[in-house]
Amino acid sequence: MAQRFITLILLLCSVLLAPHSAQSSLFGENTSFGAKNSQSRFIPVDQAFAFDFHQQGDQLNLSWQIHPGYYLYRQQIKIVPQQAALGAFTLPEGITHHDEFYGEVEIFKQQLTLKIPITQAAEQASVSVTYQGCAEAGFCYPPETRVIPLDVVVAASTASGTAAVNSSATVNPPATTQPEGDATPVPSTLPFSPLWALLIGIGIAFTPCVLPMYPLISAVILGREKPHSQRRILILAVVYVQGMALTYTLLGLVVAAAGLQFQAALQHPYVLIGLSVLFVLLALSMFGLYSLQLPSSLQTRLTQWSNSQRGGSLAGVFAMGALAGLICSPCTTAPLSAILLYIAQSGNMLAGGGTLYLYALGMGIPLVVVTLFGNKLIPRSGPWMQYVKEAFGFVILALPVFLLERVLGDVWGLRLWSLLAVAFFGWAFVLSLKAHAGWVRVCQLLLLAALLIVARPLQDWAFNGNTQQNAVKHINFQPVANLPQLQAVLAQAQGKPVMLDLYADWCVACKEFEKYTFSDDKVQRQLANTLLLQADVTANNAEHATLLNKFNVLGLPTILFFDSQGNEITAARVTGFMDAAQFLQHLQNTPAVTK
């Protein structure tokens, strides 16, 4: 018994002493261990975002269990039905996350659950669910698309008017993964608060096409026999404004609903650029370059119809207000068109209807005041009304800057904001020169100070741009589009080691690599004798999926190294972000990469 016990102790000691040498013999010469270790920090997408779904009659339930240290982008979640119609649903509010390259975005952590009503589903109906997320450690997964088969759902007679909703969300059955080409975030809310529409409406009321008409409109509202009760006058004025607000609200809902059906397409760079051009043209009409309004024949017909209503009655006044919303003057057409275009681009029905309602309410507040108190509180007409109109031209010009910022990035976005601010303060300063009051001199000094402050980004661009460009020299990569092209380049590498950078616009850490790591002088010198390739897999199409699957790439950033014979040096693979010092150390520890 004692002998067996001693033998057991000796065996245990041998096991405890063995691991170091055993590990050396097992993995010391195995190059694939390095690649496996480089990816061990990150888990497969199915584990990072564990997805489950089930259908209960006319309801589809989607849920995600998000691994600690990982997150999903709210704006990247999309749901598209095929041969089915979905009822209205909304994504829950996410956690605000600041991104250096994309600004403020919303993300989901830990868990996400969606309940989506199904109004109709034919045989072989399905729902495509797309999502995309990242690891907090600096690693992003390509957009994932899953196809969920649906059971048949017969449309109810009461739901015949329900429209299909193409929205956004997530799924993960591994057998039906499909690459998704469009991964552009779709904003679900307006960057402008709808309350701004109230202020814009009040401001539009003081333009030369609107303010002089208010005394006439108030007389029409009250009718031939002016009511003696102030309460009655207030009710009539408010009813008129509500009629006008109804028209604008319906316009907002219709335009937002139309935009919702094409929400993803409206985020395409070409569409954003086209909308920006339209906004600029609308702004030019506010500066007096041309007049924009409804055809005169249509305006005349609407005016006659409005005049046929009986003033002084609630129904007649409400109808006049509703028709007045359709009669756009040159001062109101451009702002209204700009708001409608922007609402269509956002696709948010609640914000769309609310924004137009507040806009009409803002225009109606001065009218209510005029109707109650007469012309006493109306400012005297003059050139200042034209200046108000021109000021709203600058407000409209802010919209294309918002849209172009998504296409051009933060750097050029800041320059566009600076250019717009310089134009506005310069215009205000020139106007102030026409006044001679003493307090205007103080305003002029403030305007000049503001002009210098807002011009700073343009100054940096003009005077420091060349210096910064010379100081920060980015690596010039040779692009490769697919696996056959990569194999051809490797075959013609002429004995040089090769580095392949897998890049995508939706990969935040890829942009960090470009900005902080590849721009480093020491890193560039270390890679001087290396053939540098880059594959842009932003579109995530079939060719890109083939390339990523060939090298078992989980996500980005991933950097592959190949020796002079075109074989991957798996131990040198980089997965996840490395700063310049870490990447340089990695290169120096792998002599075969940069020999």
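Positions of Cβ are set from backbone N, Cα and C atoms, glycine also.
Quantities reported herein were computed from a predicted structural model and do not represent experimental measurements.
The DSSP secondary structure for CYS140 (disulfide bond) is strand. Sequence-distant neighbours of CYS140 (disulfide bond) (same chain, 6+ residues apart, CB-CB distance under 8 A): GLN132, GLY133, CYS134, ALA504, TRP506, CYS507, VAL508, ALA509, CYS510, GLY555, LEU556, PRO557. Here Swiss-Prot flags CYS134-CYS140 (among others) as disulfide bond, drawing on sequence analysis.
DSSP assigns CYS209 (disulfide bond) to coil, not to a helix or a strand. Annotation source Swiss-Prot lists disulfide bond at CYS209-CYS331 (among others).
Feature annotation from Swiss-Prot assigns disulfide bond to CYS507-CYS510 (among others); the stated evidence is sequence analysis.
What Swiss-Prot records for 166-186 is region 'Disordered'.
Annotated signal peptide per Swiss-Prot: 1-24, in sequence order, evidence recorded as sequence analysis.
Sequence-distant contacts of the transmembrane segment (197-217) (same chain, six or more residues past either end, CB-CB distance under 8 Å): 240, 324, 329-332, 335, 339, 355-356, 358-367, 370, 374-375, 378-379, 381, 385-386, 388-389, 391-392, 395. Among the features that Swiss-Prot reports, transmembrane segment is placed at 197-217 (among others).
Per Swiss-Prot, transmembrane segment is recorded for 233-253 (among others).
The transmembrane segment annotation in Swiss-Prot covers 270-290 (among others), and the record cites sequence analysis as its basis.
Taken from Swiss-Prot, the feature transmembrane segment covers 311-331 (among others).
What Swiss-Prot lists as transmembrane segment is 332-352 (among others).
The annotation transmembrane segment is assigned in Swiss-Prot to 353-373 (among others) on the grounds of sequence analysis.
According to Swiss-Prot, the feature transmembrane segment maps to 384-404 (among others).
Proximity of distant same-chain residues to the transmembrane segment (411-431), defined by a Cβ-Cβ separation under 8 Å and at least 6 residues beyond the stretch ends, is recorded for 387, 390, 394, 397-398, 401, 404-405, 444, 447-448, 450-451, 454-458, 461. Annotation source Swiss-Prot lists transmembrane segment at 411-431 (among others), citing sequence analysis.
According to Swiss-Prot, the transmembrane segment annotation covers 435-455 (among others).
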- prompt: Among the recorded stretches 233-253, 270-290, 384-404, 435-455, which has the greatest number of Cβ pairs closer than 8 Å to the transmembrane segment (353-373)?
  reply: 233-253
Field: Other C-beta atoms that fall within 10 angstroms of the C-beta of CYS134 (disulfide bond)
entry: 23
- prompt: If you draw a 10 Å sphere on the Cβ of CYS209 (disulfide bond), how many other Cβ atoms land inside?
  reply: 17
Task: Could you say whether, by DSSP, CYS134 (disulfide bond) belongs to a helix, a strand or a coil region?
output: strand
Structural state of CYS507 (disulfide bond), classified by DSSP into three states: coil
